[in-house]
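Asker: Structure incoming, see below.
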Amino acid sequence: MNQAKGIWFAVLSACGFGAMPIFANYAYRAGGDVITVLTGRFLFAAIALWVIVWVRKLPVRIGKWAVVQCVLLGMLGYAVVSFCYFASLKYISASMTAILLYLYPAFVTVLSLLTRQEKWQARKGVALFCSFFGLLMIVGLSGGQINLLGVLLGGAAGLLYSFFILVNRQVGLGLPVLTMTAFLVTGAFLAFAAIGLLNRSIHPVMAPYGYLAILAISLFSTVLGIWLFSASIQLIGPANASIISMFEPVFTILLGYLLFAERMTPLQMAGALMILLSLFILQLKLPNRTGKNTHTEIS
């Protein structure tokens with residue numbers, strides 16, 4: 001029973017994360033812009049997360065310097081990654097953005113090897129080959145009209161995500177996932193609120209469904225996604241939960257096709273499958289690890 005529940009939690013979490021770019025596109029169509037959408041996302045998510053932390057009586061007492069570290073990590077890490085990800089949706093499809101973000105495990109592996117945090121293995125070499133050859137198939141060999149700025153933003157989101165994960169590991173405050181995420185989300189909100197107020201880029205006037213889309217991003221794609229994934233780890237372990245989370249970009253591609261008629265060429269689809277294959281190969285090493293999964297570190 002617990003195993004089945006854990007699997008469903010992981011699947012629903014992947015659906016929540018995978019639906020995020022779809023909700024973002026609806027918010028943009030309603031008249032929202034990147035800064036407005038992200039400010040709303042992190043505002044409502046922060047409120048919801050702190051309520052959960054309070055109701056569940058999770059530990060929050062850490063030193064002042066630790067609080068500063070968490071908030072700065074949210075402002076300079078989480079916020080920047082989110083901006084690149086959401087900005088890329090202005091130029092390329094949600095499907096393409098989701099696939100580019102999922103290059104982050106390969107980037108993490110490369111950076112870990114360069115900084116000698118991990119040792120070289122043949123499996124990692126195969127995964128890196130699949131990942132970057134898949135990217136080449138999507139961007140360089142497809143022959144279609146691809147917006148370079150959108151690809152750069154999507155790729156930057158994956159690369160910066162990997163830096164964020166490595167820094168987050170070093171911070172390692174030993175807090176519960178929800179508490180740590182509450183601090184990070186609060187920092188991200190402060191960053192976007194400050195930017196929006198300073199350059200007057202927050203424009204809350206949009207069609208009503210735009211507000212619903214922002215709420216969906218905040219509650220379903222952020223808070224519920226993190227909560228369900230954390231619960232699935234407790235029930236089925238980080239390795240199984242991580243492998244199931246690979247459904248996330250697949251769900252994005254499916255929704256993009258059904259709701260926005262997004263198309264990928266056969267070569268681009270093959271490239272996407274190569275990237276997913278690389279992710280699967282890298283995730284297979286997780287049973288040898290203890291601790292956190294990358295999704296729980298940022299989500």
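Heads up, the Cβ atoms here are built off N, Cα and C, so glycines get one too.
Pasting the relevant annotations from TrEMBL:
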type	residues	note
DOMAIN	5-139	domain 'EamA'
DOMAIN	149-282	domain 'EamA'
TRANSMEM	7-28	transmembrane segment
TRANSMEM	34-55	transmembrane segment
TRANSMEM	67-88	transmembrane segment
TRANSMEM	94-114	transmembrane segment
TRANSMEM	126-142	transmembrane segment
TRANSMEM	148-167	transmembrane segment
TRANSMEM	174-197	transmembrane segment
TRANSMEM	209-229	transmembrane segment
TRANSMEM	241-260	transmembrane segment
TRANSMEM	266-284	transmembrane segment
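Give me the structural setting of these features: burial, nearby parts and distances.
Answerer: Across the range of the domain 'EamA' (5-139), the DSSP-based residue counts are 109 helix, 0 strand, 26 coil.
Within the chain carrying the transmembrane segment (7-28), a Cβ under 8 angstroms from the stretch's Cβ atoms is held by residues 37, 85-86, 89-90, 94, 97-98, 206, 209-210, 213-214, 216-217, 220-222, 224-226, 228-229, 231-232, 235-236, 240-241, 244-252, 255-256, 259-260, 295, 299, all 6 or more beyond its ends.
For the transmembrane segment (34-55), same-chain residues at least 6 beyond its ends with a Cβ under 8 Å from one of its own Cβ atoms are 24, 27-28, 79, 82-83, 86-87, 90, 178-179, 181-182, 185-186, 188-189, 192-193, 195-196, 201-204, 206, 211, 213-215, 217-219, 222-223, 226-227.
Same-chain residues lying 6+ beyond the ends of the transmembrane segment (67-88) with a Cβ under 8 Å from its Cβ atoms: 21, 24, 34, 37-38, 41-42, 97, 100-101, 150-151, 153-154, 156-157, 160-161, 163-164, 167-168, 171, 173, 180, 183-192, 298.
Note on the transmembrane segment (174-197): residues 35-36, 38-39, 42-43, 45-46, 49-50, 52-53, 56, 58-60, 62, 67, 70-79, 82, 222, 226-227, 230, 292, 296-299 of its chain, located 6 or more positions outside it, place their CB under 8 angstroms from a CB of the stretch.
Only residues 6 or more beyond the boundaries of the transmembrane segment (241-260), in the same chain, are considered here, and those with a CB under 8 A from a CB of the stretch are 6-7, 10-11, 13-15, 17-19, 21-22, 25, 93-95, 97-99, 101-102, 229, 232-233, 272, 276, 279-280, 283-284, 286, 293-295.
Proximity of distant same-chain residues to the transmembrane segment (266-284), defined by a Cβ-Cβ separation under 8 Å and at least 6 residues beyond the stretch ends, is recorded for 95-96, 99, 102-103, 105-106, 109, 123-124, 126-131, 133-138, 141-144, 239, 242-243, 246, 249-250, 253.
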Asker: How does the domain 'EamA' (149-282) divide up by DSSP, counting helix, then strand, then coil residues?
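Answerer: Helix/strand/coil tally for the domain 'EamA' (149-282): 112 helix, 0 strand, 22 coil.
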Asker: Can you name the far-off residues of the same chain, 6+ from the ends of the transmembrane segment (209-229), with a Cβ under 8 Å from a Cβ of it?
Answerer: 9-10, 12-13, 16-17, 19-20, 23-24, 26-27, 29-32, 37, 40-45, 48-49, 52, 177-178, 181, 185, 241, 245, 295-296, 299
